[in-house]
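Chemist: The feature transmembrane segment is assigned by TrEMBL to 43-65, 86-107, 113-132, 139-159, 179-197, 204-223, 243-263, 275-295, 301-324.
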Amino acid sequence: MASGWGPRAGSWTSSHASWNASFGGQGTGSGPLSGPWYSTHKAQLLGVLLAAASNFLISVSLNIQKCAHLRLVCQAEQKPYYRSKLWWCGIILLGLGEVGNFTAYGFAPITLVAPLGCVSVIGSAFISVFFLKKTMRTADILGGTLTITGIYLLVTFAPNVPQELTARQVQNYLVSWPFLVYSILEIIIFCILLYFYKRKAVKHILVLLMMVALLASMTVIAVKAVSSMIALSVKGKMQLTYSVFYIMSVLMATSCAFQIKFLNQAMHLYEATAVVPINFAFFTTSAIISGVIFYQEFQSAAFLNVFMFLFGCLLSSLGVFITARNKKEEHLHIPFIDCGHIPGQKLTGKIQPDYHSSCYGTLNKEDDSVKRQN
């Protein structure tokens, strides 16, 4: 009896230990959720979850704002969008999403957080089906599948580097010769593009979005430095007394402001279906390059890891392109208001909201249907 129970007990103990090792319990296994693996990648996993959740929250907020604008247009009494509670709800969610993205840079590499911006693009395509009653397209399903596959490869083969950056480490990175050469080349290219933009009035979409990408590379470098120093300070290792913290904060705010300026110019001149995929591809490329050069995030990575990571970036970009391609732009149909009872105005006079301000303006062109009626 005893001899029969002994082997079974030993077998059960061995199986239990193996189960624990595979699912994060105490053991010596090397499974994907084992104790040593989790302790090594815990901070990076937190950054990934923060980035993905924040980008999804941003996509929800954008759809809520769009829904608020559509509701205001349908109301009989027009009022400014900033008086809508639904619009403010979207703005609050947008702010929370951006704060989450900022925090994610303190826990995960730039080369991993930046490509996860595709979650916002793909999420917006699917959420719009519920908020804006849009039709789910085959391209949306294909693009979403490619993007999810790309995200899986990004998370699996992302570089595993220490994310606690002290102020002294940031100072050393700033004076390293690879970054100095990179920053000089970037400044020269940006000045050339700015010359053609300002002096030659060249406002091609590639010129505008290349300037956005060059500024974005500096933005992500500064964001990661500031986020990491704040995270260390919260843990008790004060980093806010170093001057480099304020230098990087100014760089972050300045580059972000000009980045928004040129991106808004591109959105004004071109359709969002063209701007979104190109901007995502340029931004991801510039962020990866800046992470590799400034923070040396792929310094000890194997060739297979680098190749699969870049392949994941390619799949994500392709998914964004397929989702945004051939998507029709919706324009709000704002009805005209009859001015026949306004003194000094003819029956054919029309007033419509000015898209660039909250006031109303008159149109000189008469509506063809009104002409036929008269």
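Any Cβ shown, glycine's included, is placed from N, Cα and C.
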Chemist: Is it true that the transmembrane segment (301-324) and the transmembrane segment (86-107) have 3 or more CB pairs under 8 Å, sequence gap of 6 or more?
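Modeler: Between the transmembrane segment (301-324) and the transmembrane segment (86-107), contact is absent.
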Chemist: Any chance the transmembrane segment (204-223) and the transmembrane segment (43-65) have 3 or more Cβ pairs under 8 A, given the pairs are 6 or more apart in sequence?
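Modeler: They are not in contact.
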Chemist: Under 8 angstroms, Cβ to Cβ: which one of 43-65, 86-107, 139-159, 243-263, 275-295 has the largest number of such pairs with the transmembrane segment (179-197)?
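Modeler: Ranked by Cβ pairs under 8 Å, first place goes to 275-295.
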Chemist: Are there at least 3 C-beta pairs under 8 angstroms linking the transmembrane segment (113-132) and the transmembrane segment (43-65), leaving out pairs fewer than 6 apart in sequence?
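Modeler: These two stretches do touch.
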Chemist: Give the nonlocal contacts of the transmembrane segment (275-295) in its own chain as ranges (CB under 8 Å, at least six residues past its ends).
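Modeler: Residues 109-111, 114-115, 117-118, 121, 161, 165, 173, 178-179, 182, 205-206, 209-210, 212-214, 216-218, 220-221, 224, 263, 266-267, 313, 316-317, 320-321, 324-325 contact the transmembrane segment (275-295) from elsewhere in the chain.
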